[in-house]
Every structure is written in structure tokens, then in C-alpha cells.
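Lifted from TrEMBL, the feature list:
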- A:Thr51: pyruvate binding site (BINDING)
- A:Tyr138: active site, proton donor/acceptor (ACT_SITE)
- A:Lys166: active site, schiff-base intermediate with substrate (ACT_SITE)
2 protein chains.
Amino acid sequence: MPNRNPTMFTGLSAFPLTPLRHDELDEPAFIGLVERLVAAGVDSITALGSTGSYAYLDRDERARVARSAVAHAGDVPVFVGIGATRTSQVLAHAEAAQEAGAAALLLAPVSYQPLTEDDVFELFRTVTSHSSVPVIAYDNPGTTRFTFTTELYARIAALEGIASIKIPGVPSDPEAARAHVQQIRAALPPGVTIGVSGDAHAAEGLLAGCDAWYSVIAGTLPEAALRIVRTVRQGSPDQARAESQRLAPLWELFARHGGSIRVMAAVAEELGLAQESSLPLPLLGLTEDQRAEVARVIRGLDVEQ
Amino acid sequence: MPNRNPTMFTGLSAFPLTPLRHDELDEPAFIGLVERLVAAGVDSITALGSTGSYAYLDRDERARVARSAVAHAGDVPVFVGIGATRTSQVLAHAEAAQEAGAAALLLAPVSYQPLTEDDVFELFRTVTSHSSVPVIAYDNPGTTRFTFTTELYARIAALEGIASIKIPGVPSDPEAARAHVQQIRAALPPGVTIGVSGDAHAAEGLLAGCDAWYSVIAGTLPEAALRIVRTVRQGSPDQARAESQRLAPLWELFARHGGSIRVMAAVAEELGLAQESSLPLPLLGLTEDQRAEVARVIRGLDVEQ
């Protein structure tokens, strides 16, 4: 059984894209992203998250991405997404990720047929009992369409080997956010961290007591995300909120384009970090007009080039 | 470009399960199901539909299932599901299905990241332009969580190579069902058929003018489904509704278990057509109590043993 090492599952975890080029892995672009995250000083890197297109890549591609991430992450721990529709496929991805040197595994209950709570619990039980590194339980209803209850968080977090819960966005009201996080915290064993996602409300999530931010924007724009994390750590909530508010044009683009991935791919392409059309089809990139707007927003935000 | 052959896309298309045994294809059980459908006289067989667990099977398994279906279907045309999250994977499945002898391809816009209308249109455009057999556009919001508009049906149906649209359940009110089907019909080119799914309201769908029934229950209980189709063909709407009403305990089980697949797997296992635990994990089969209820329902319905 893996030891829980709570400090590894705190702070900023950056989720890089996995850029494609002509439907093949663009490994140089991926390595460039990983090196950028290491240089910026993120606390961990999560390869093959939703932003990293894990659900579109086959077994060999996923193994290559995992190896590449570990090889270029230096001392930064690398977590690797292992989700798949079938439990035996999840186990195969988990084994490949561990062979590649993953420090932890990220698992969402990917579904085609809607899953029951018992299906999901058994999935996590099976995977944790077969893995020698910790597992992060990944609650992403926007892509999996599975909704965790707090009771299910509690059942899963009680499994030996579960290190962290990645929760969706918290309420934007600070008090509601705090109550939400406290209610989840009360259901988890000590040592299992709570990581917020939903970048637009991540500052509020950290201020509400989340231990980590599993961050889409940090995968491409790590400095912008680190400014939020640092001001929270310095005990400056107003400044943290101001740093998040500064990125409002980006949050608006996410909302308008049905999520973050198309926008972040356009940002990476605009900054020369990926080639055009870097997303797996059928996901079309943004149109030319939409890209021009992304470029304007990025210039206006004065984020790193 | 494939010729549209509308008569092939009418009547009863039966969707067999793809039973597993210890996480491997149970090919003898699958062949038994196919032979049962041929013997019953269904109009077509759709292998690797949602009921056939296509979203859980890898490329080799899917190719084996397609070959096996064609080899045992005699003169009955076999349609093969080719959905996958990535367009290039869909094209690979399409090629394998055609090599196996599929008479048509069934394609749902499987998603992880939510898809746009343009993503979905381009997916169908790409697949139809690469295929030499017709394609059935598969609208299954319960599993793909993508919702087609009538306008999108029209755009896709206008593509050369689209033969049929598989629509979700129609309204249970006969007049509303008729209006619904007529509104879709008006948007489609002549020769593109409309097939209803959502077994509980399939009788109403056929009476409302659908050309085909893409049927889950027909994959395991073909006679029960054929009785509905025959009475509709005989112009006996009351009898068709009575035949459907007779199966109400089954429709209730579908509703209670969040869909049809877990119930139909239990039915097949109960009838000795598949081994226990025939679904791909993480989908747990029904519990012992639930199975006992399924067995009672099946006995009460006096469907074929």
C-alpha cells in the first residue's frame, strides 16, 4: 500500500495540454510545456488530465506522454491520468504510468453507460488495491457526467491509497465556499487533501481551505496561476481575488466556449507553445475570429509570452 | 459513395449484447445471440451498439465481434457501431467493420469534452467521405450527452452516405409522437429513414411513422419485439400498443436501473444466453435480489426461453 504523503498533494498542480500535430503526439511541444512548468516552479505536474486529452489517446500514446513528462520534470512530482471506460483498461494505464515513474495516479470515473455509486466505489477499490502509488479521485461531472455525493467521497477517501480528492468549482460566495469545503473536509480521513478545480473560482477555493489547485491555466500560463497561489499563501485574500479577477477575460472565454480546453489550446498555439490544430479531432479548434479575440485577451492580460 | 438502400434501414434492427467472461469476449455466447436473431427473422442486426458495449472494447475486440456477427448472420444485414472519442479511431473502426463485411456503420458522437454542432457535423462528414457503406447517425443523448437539433439532423442527413437517423424515444402521446416524427421527416432528404429507439415507446414511434426500430430488447428477446413490429405492419395499432403494454414490467425495470443494459444482461444470463457477470466492469451486474426480480418478470411475460 502506498504511503500518503499529504504535502505532495498541496499547492499548484499544473495540467499541461498534450498537443497533437496531424493527429500524432507533438512530443517536442509537450516537452516544452513540461519544461516551462518546471522553470516556473509549480508544485506538481498532472499529465494526461482532461486538459491533457487522456480520453482521446491510446495506450501507447499515453505511456509515451507519461514517460516524457517524468523525464523532463526534474524533481517536480508527476501525476498521471489513467481514466478509461473499462476497469481492465484503467489498470493497464495505471501499470504503464507507474512504470513511467508517476508519483501518483489521477482517476475519473469515465463512463459511457451512466455509472452507479457502487460501480464507482468498486472501480476505486480495484485500482487502489492494484497500485503502489497514491491515487487522486477526480470528480469532473462536466466530462464524466457522474456526480459524486459527499458520502461517496467519504467511502472512496477511506480506501488505503487515496491521497486527494479533486473537486469541481466551489461556490463563488466566500462563505458558501468555506461551508462547502468544510463539509467535504469533515467527511475525509486526515491526510487526504482537497484540491479545487474550475479555475475561475480557484482563488475562492484556496481561500476556503482547499489544499491544492488542480489547474488548467497553470499548464500553459503557470506564472498567472502562481500569483494567485502565492498571495493566498501570504494571507492576502483581497490580493488573491484581485489576481483572479485580473484573469476575468479568460474565465469569460472559458464560459463562452463551453469549457477551458479549446481556449487553452488556442492560447498555447498563440504563444507558439503548440502548432495550430493541436486538439484531437472531432474537437475543432476555435475559428480565426475567436482566435483573434483570444490573442487580444492574452496581450491585454500581460501574461508570460 | 454508397447507394442508399432505404429498405435495408426499415423494420426491426436487433442490438445484441456483447457478453464478456472474465473480461474476455465470450464469442460462443455472442454467436448464440446472433443465431437466435437470425432464426427469429429480424430485419437486421446491429452489432456493437450501446447494448453491445462498443465503448468498452478495444480495436481488436471490436473487429472480432464484427467478423463474428457477419459470419453467423447469414443473409441478415449486419450494421456495426464504430463510435469512439477520436475521429481517427472512428475511421479505424469503420475500416475494420467494412473489412468484416458490415452492411452499414452506426455512429454516435461519443464525447469526453462536450462537442459542438460543428464538431459533430465534421465528424459525420469525415466518416461518410471515407466509407463505402452507408452510415446511420446515432442520437443517444443518454450515453453521449450530445443533443442533436432537427437542424443538425438535416445537415447530417444531407451528406451522401447517410442512410438513417436513429432517434431517441418519442413522446408517449400518439399525437405528439406523430408531430415529432413528422417534423424530423420534413427535415430529411427522401430515402433517409427514421429509426426509433427507447424501447418503451417504440410501438408509439412506429405507429407515428418511424421506418425502423433500433431495438435493445430485440437483441435478446426478438420474438417479443417482432410481435410489436408485426402488429404495426398489420395496421393494428391497438394490438401493437397492447403488445408493448404487456412488456411494461420490463420497461419499469429499465427505468429503475438507469437504462436497459444491466437489465438485458441479467435477462440474457437468466436465459442461459450469457454467463454471469457478462458486462464490462466497472458496470456491476444486478444484485442477487434484483436478478430474482428480473427472473420473475421474464417468467411472467411468457417470452421465449
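Heads up, the Cβ atoms here are built off N, Cα and C, so glycines get one too.
It should be emphasised that the depicted structure is a prediction, and the values quoted were computed from it without experimental measurement.
Positions of TrEMBL features highlighted on the structure.
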residue	record	Cβ within 10 Å
A:Thr51	pyruvate binding site	28
A:Tyr138	active site, proton donor/acceptor	28
A:Lys166	active site, schiff-base intermediate with substrate	26
Assigned element (helix, strand, coil) containing A:Lys166 (active site, schiff-base intermediate with substrate), judged by DSSP: strand
